Structure formats: C-alpha cells, structure tokens
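Accompanying notes for the structure given below.
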C-alpha cells in the first residue's frame, strides 16, 4: 500500500521538527554520590573575550592541590581549542554545607601583581568544572538578568586605578535525588557512551549533580589570623563586602587568602535536562523567528528564479527542436545565444588542474560539514563532550580523502581525455587545502607561543597532525585517485571545434555578475553566521544544529540555482568560458563571509584588544572563508556541469 504524498510531506516535517528539538544525548555518564562523598572540581584555561588568548589557570598565584597539578586526558579537539583541564584544590562533600579555608599566598611579587592586574583588566574568566558541568554565574545589567559561564579573576571599580582579586567563592550545587528507577539514560562524554542497566540503577541510588553556580567575592582577611589555619579548616562564612576598604586589593607584598563556601540545594531538575540552563540562553526566541523568516523569504525567491528559468530553457529547446535544418541554419546566422557555442562549451578551461584540485577539496569539505551537522542535529555531539565536534570533523575530513581523490581524478580524466598526471592531481588534492590551513596555523601558532598562551599547539600535537595527514589522508586520497582512473570518463554530448570561437565584447565585465551572485547564498547564511561567530568568540554555547542543518540544505539549493542561472546567462551572450565562473558564482559567498567577519570584529567585538588578538581572529576567519569558498564553489560547479551537459545533450546535432 503506497502512502499518499501528503502523508510523506507530513512525516518529513515531523522528523525535521524533531531534529531541531531533540537536542542531545546529554551530559557524560551519570555519577551518583552518597552523602559525605568527596567531589573535586577541575579548572580549565583562563579565557577572555578581549584577547582570545587562553592561559593556564596556574599561571596566576592560585592555591595548588596537595598531590600536585595533574592534567586531565584531552582529545584532539580540546588541544586544538586551547583547553587545558587540570585538577584543583576545591573539594566539596556531598550534601555538607560548609565554609572552607584553602591557603594564604606568600607576599605577591612585582611580576605576580603585574600579571594579576593585566588579567583583571583584560576581563579574564576562571572556568571551573564540577561533574562535567561548567560553573555558571548570574549578573544583572540594566535590569536584565544575564548568565555567564565562569567568574572573573578580579575587578576594577569605576574611576579607580586599583584592582581587586576574587578570593572568596560562594558555590551553590544543585542536586537531584536519584532512586534508581525510571527511564534508561544514555550518556556521552569524556567517559564514552553507556547505558545504565536495571542492576546498576539500584546500586546507583544517591544524588546527581544537576547544577553548579557561583557568586564571586573579594574579601580582605586578617593575615595573622589566616596563616594559623590549615587547608580545609572550617571558617565563619564571610559576607560579600560592598566597601572597597574591605575587599582584597592587588598590591605588592600583599598576602591573599583564598576561601570558599558551598551550599547544596535539592532540585527537581533531572540529570538528562541539566544542560538546558546552558543551552537555552536569553534571546533564543529572536533566533528562531529570524531564521525561519529568512528561510521563508529565500525559499520564495529561489522558487521564483528557478520556475522562470526552467520555463525559459524549455521554450528555447522547444523552439530549436521544432525548426527544420534550413531554419536552424538561418536561426544560427541571425540569432545569438547559447546554441552558437555548441562547439566550444566543453573546451578545456584555463588552469584545469587547479580547478580539479579545488573541486576535490570542496567535495571533501562539503561531505565533512554535512555529516557533522547531521550527526550533531540528531544529538551525537553533546556539549558535555568537549572537543568532540572538532575531533569528529577532523576524522571525517581524513577519511573523506578517498572521495576527494576520486572526484578530482575523474574530472581531470574527463577534461583531459587521459589519465596521465593523475598522481600529481591526487597529491595536489591531498595537500592544497590542508597546506593552506597548516601555513596559517603555523603563523598563528608562533604568535601564540610568543604570548605563552595555552592556545598554542604543542610540538607533539604538530607531529600527530602531520602523521594523520600523511599516513591517513594522503594514502586515501591517492587510493581514491586510483579508483578515479578506473572509472569511466564523463562523455561530452557534443564535439569541440579545433579553433575557439571569438567571444563578443561586453559592456560590463563578467566578474561583476559573478561577485554579485554571492549575495543570495550569503542571505541564507548570515543570520546563522552571527550566532556561530558569537559562539566561537564570545564564549556562548551553540547547539541549534537542527536549524543549521536546514540552513545547510537551503544553502546547497541556492548555490546550485545561482550558479546555473549565471552559467546560462553567460552562455546566452556566447561566453563559453563558464567553468571558473560557475565555480565562483556560488563560491563568491566566501568574500561576503570574510567581509562580514571583519564587520563583526569592528562592531561586535569592540572589546577585542591588541593586534595579536585581531591577527588571530582574521587568521581563523580566513581559514573559514577559504573552506566555504571551496565547498560552495564545488556545489555550484557540479550543478552547472550537470546542467550544461543536460542542455547540450538535448540539442539535435548533425
């Protein structure tokens, strides 16, 4: 029994809506704690939206754990993102509310004071983690409640040259009592994936951590009293002072005492929902409606363009085929148009090897982006698994080299009519885009090394990346190229003349049309681009991959349509050099993306300070723009090639 079309459409909409709403398989593998169990926090790199240079937590004179500093195991994505997760001396005991003394520093040296003042004025944030949850802070600005992850190193009061350090933390840990009953929970995270069985549930009864909040304070203590205390001694809970005289100033020879208090609060939040507070930030409604509005407008415009275009081509083909031979000859003499370039339309383009290489890399990048977004939309990229998204993208890119090599060599064979030189093409595909990224990252890495930032890629990781490149990506690309030589070349429907046809002079340069064509794909992308840039540079969580998937599909459709329309327009004015123009018609969206990135830097990242931060931002934006150019250009070229092949195979040739 066949399902009616309306039912299929309804099913598709339901699944699409589910992919937008079904956020994730949340958190890491669930931990339950009994009353009195020790729970230790971890600390990530210090970060700032002013400099974008992460630094180690222990680069500042904070209290260190008794057992020494131990780094947590980090995946490839975390290392590339500059994360450095270490243990910390902050210890909680489940369901025990207490105020604890940690340590008193030796007198601050000139270097330590200078460093603390610099980190304070650059708005650096301390990022703590408890049970894989980042610490959250609430603040009120202009009557609006704002939530942040992390808390500041210190603060500088208005109209003051003095800086004050945050040395007392008021933690609130939200816990949910788990009785070992209910639905099965699947976890993804640092510990991998797991399903809690019925037997485990009974053993796992206890308390789950479902929230981690902090109120930072600066408190000036009496040093003589504090140095008599030992680590983890109980103290009287201090209140956060409003007077600067009672706050801890950052000054040479000052001794800073670090303390904290913790309160456990029972919550109705269940463990699978504990990330909702991080993901559902304010302004989400504006985000959804603006994207939906953009999608509707773009679909409407693209539909009109495509319908008009189809009718035009069909009319031309019908008129041409209905004429007899004599009339066709007369028509060819009297009229200009795409029918006159039949003997030149498949002539080999300039720099054909570079075109094949860029198409191969574009296929690889497009495949990587599509598979990653699909997996993320269906919940396989949890925000609790730090670096998982970037790690997954790198692995996908490596293994998609086989498809890149195949596509590039097959196109090379089609253009050249021979397989000679396929190894050179395959090597170029394997090295072109990764080589550009490697050069840019190396330059940026030298800058990060000079700044002693944890964002710098370690030498060992450099060798790992090179090994992945040359031991996995290159061999797979060569293997794909070999398969490409065995595949049948695409047969052109018409013969190419020996002498190229002269292209009539035009009133305006064709590159203006090519550049203008990129505005329509950019229109589908720029709203989502704003949220992605905010996620990367302002430290916000981005997890609406369902809508990103819709935008990706829309972008592919619009790139294909724009490139086909522009190719048709060039053929109509007897310009048979359509290959590169088809690529850049949709690929020119990258120019607008890069310009928008500069606009975002100037107007939305006004706090970004110093040339080092600006160079880092522009370097990463350039990598993103090149990847978008290769991907969208490949989509446009592929559709245009199919269209031209279909168009001229429909013409009767004597």
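Cβ atoms here come from the backbone N, Cα and C positions, even for glycine.
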Matching range for TrEMBL feature annotation, transmembrane segment, among 331-351, 583-603: 583-603
Long-range environment of the transmembrane segment (511-537) - Cβ separation under 8 angstroms, sequence gap at least 6: 49, 52, 287, 290-291, 294-295, 297-298, 301-302, 544, 547-548, 551, 554-555, 558-559, 562-563, 565-566, 569, 581, 584-593, 596-597, 600, 604-605, 608, 617, 620, 632
Taking 3+ C-beta pairs under 8 angstroms (sequence gap of 6 or more) as contact, is the transmembrane segment (387-412) in contact with the transmembrane segment (461-483)? yes
Which stretch, 424-449, 543-571, 583-603, 615-648, tops the Cβ pairs under 8 Å count with the transmembrane segment (354-381)? 615-648
With pairs fewer than 6 apart in sequence excluded, do the transmembrane segment (461-483) and the transmembrane segment (615-648) have three or more C-beta pairs that lie under 8 Å? no
